[in-house]
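Notes for the one structure printed next.
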Amino acid sequence: MTQEPFREELAYDRMPTLERGRQDPASYAPDAKPSDLQLSKRLPPCFSHKTWVFSVLMGSCLLVTSGFSLYLGNVFPAEMDYLRCAAGSCIPSAIVSFTVSRRNANVIPNFQILFVSTFAVTTTCLIWFGCKLVLNPSAININFNLILLLLLELLMAATVIIAARSSEEDCKKKKGSMSDSANILDEVPFPARVLKSYSVVEVIAGISAVLGGIIALNVDDSVSGPHLSVTFFWILVACFPSAIASHVAAECPSKCLVEVLIAISSLTSPLLFTASGYLSFSIMRIVEMFKDYPPAIKPSYDVLLLLLLLVLLLQAGLNTGTAIQCVRFKVSARLQGASWDTQNGPQERLAGEVARSPLKEFDKEKAWRAVVVQMAQ
């Protein structure tokens with residue numbers, strides 16, 4: 001009987017100070033359960049088998065058709081220049097299709113501008129073919145080239161229709177039941193360093209391509225063609241706005257800037273690939289130049305065209321990568337519960353953090369009252 005008070009006192013001393021005032025310790029529940037503290041890859045993915053199959057199939061068909069079109073357009077460089085342009089414009093759509101197939105979300109609607117701009121380029125190439133056929137019917141052999149051109153047009157039309165009919169509502173419904181676990185995840189990081197590096201390389205590549213285009217225009221007036229003027233124009237249009245938008249979005253990311261950057265990159269990427277496809281005939285000329293040894297000095301004009309082609313490909317790849325990075329950030333922000341429609345300020349974010357842990361604030365107050373009572377006793 002005499003040892004019972006000492007046992008109670010010993011047990012009371014072992015109890016933490018902040019836990020003494022709790023009336024019902026068993027009813028305490030932590031804010032985050034171990035099952036909730038999981039990485040995003042452990043969350044049930046918003047996966048669509050139809051989207052995956054469509055993306056892989058469409059990307060494969062576009063790559064194969066574009067490859068055959070580029071080869072045939074380089075075999076007949078003067079007669080099938082429209083085929084090279086159409087094939088080049090479809091390359092970013094193929095890249096985006098494979099990127100979509102690797103994601104666990106339906107991100108096809110976010111590339112709608114890119115698909116529409118590519119479809120506009122292929123339609124223009126089809127009209128170009130019709131005009132050449134009307135002006136000189138005997139010079140054009142309607143054969144496999146028309147089949148490839150129509151196939152590219154149909155593939156892009158199907159992509160545009162599917163992208164227009166796709167939506168992210170199903171994905172949002174699947175993610176709706178996971179809002180509690182998504183709130184504890186960290187905010188989605190914006191790829192600022194990647195976009196800044198892209199913008200620097202884009203400016204350097206654009207200036208180099210502009211200087212190369214000016215030099216190529218002044219090499220020989222007899223060999224200068226309209227393709228150089230068109231390429232020169234699209235370099236000026238595509239390079240600097242995209243680089244400036246990338247740098248500004250990396251400095252202060254917001255919904256408006258990300259959407260503008262996606263739109264600019266989606267518009268300029270197919271156009272740059274179109275110009276690259278048109279200039280791809282310089283590769284065959286360089287190969288023919290090195291067949292005979294020693295190579296002739298006169299075809300140095302083709303070397304400039306090849307360098308211009310490489311810079312255009314670099315610029316087009318950076319624009320496509322920018323669009324993919326921005327869409328990836330946008331989709332990740334939506335799926336992880338971050339606010340995309342409205343930008344939260346610091347006060348709203350702090351209020352949200354306090355609202356997430358009401359039990360902690362309540363327990364601290366009760367514990368402080370318990371400490372005051374014990375000190376008074």
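Cβ coordinates come from backbone N, Cα and C, glycine included.
Source: prediction; values computed, not measured.
Feature annotation from Swiss-Prot assigns compositional bias 'Basic and acidic residues' to 1-23.
Annotation comment: Swiss-Prot describes SER177 (among others) as phosphoserine.
The annotation phosphoserine is assigned in Swiss-Prot to SER179 (among others) on the grounds of similarity to another entry.
Taken from Swiss-Prot, the feature region 'Disordered' applies to 1-36.
Among the features that Swiss-Prot reports, transmembrane segment is placed at 52-72 (among others), with the record citing sequence analysis.
Annotation source Swiss-Prot lists transmembrane segment at 82-100 (among others).
Summarising the annotation, Swiss-Prot assigns transmembrane segment to 111-131 (among others) and lists sequence analysis as the type of evidence.
Cβ atoms under 8 Å from those of the transmembrane segment (144-164) belong to residues 54, 58, 61-62, 65-66, 68-69, 72, 76, 80, 82-83, 86-87, 90, 93, 97, 108-109, 111-112, 115-116, 118-119, 122-123, 125-126, 129 of the same chain, restricted to positions at least 6 beyond its ends. The transmembrane segment annotation in Swiss-Prot covers 144-164 (among others).
What Swiss-Prot lists as transmembrane segment is 199-219 (among others).
Taken from Swiss-Prot, the feature transmembrane segment covers 230-250 (among others).
Per Swiss-Prot, the feature transmembrane segment maps to 257-277 (among others). Sequence-distant contacts of the transmembrane segment (257-277), counting only residues of its own chain at least 6 positions beyond either end whose CB sits under 8 Å from a CB of the stretch, comprise 70, 73, 84-93, 110-111, 113-114, 117-118, 121, 195, 227, 230-231, 234-235, 237-238, 241-242, 245-246, 248-249, 309, 312-313, 315-316, 319-320, 322-323, 326-327, 329-330.
The feature transmembrane segment is assigned by Swiss-Prot to 304-324 (among others), with sequence analysis given as support.
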Surrounding residues of the transmembrane segment (111-131) on its own chain - C-beta under 8 Å, 6+ positions past either end: 82-83, 85-86, 89-90, 92-93, 96, 100, 140, 145-146, 149-150, 152-153, 156-157, 159-160, 163-164, 262-263, 265-267, 269-271, 274, 323, 327
Tertiary contacts of the transmembrane segment (304-324), as residues 6+ beyond its ends and Cβ separation under 8 Å: 91-92, 95-96, 99, 111, 114, 194-195, 198, 201-202, 205-206, 208-209, 212-213, 215-216, 219, 231, 235, 238-239, 242, 246, 261-262, 265-266, 268-269, 272-273, 275-276, 279-280, 282-283, 285-286
Cβ contacts under 8 Å made by the transmembrane segment (82-100) with residues that lie 6+ beyond its boundaries: 51, 55-56, 58-59, 62-63, 65-67, 69-70, 72-74, 107-108, 111, 114-115, 118, 121-122, 125-126, 128-129, 132, 145, 148-149, 152-153, 155-156, 159, 269-271, 273-278, 280-281, 316, 319-320, 323-324
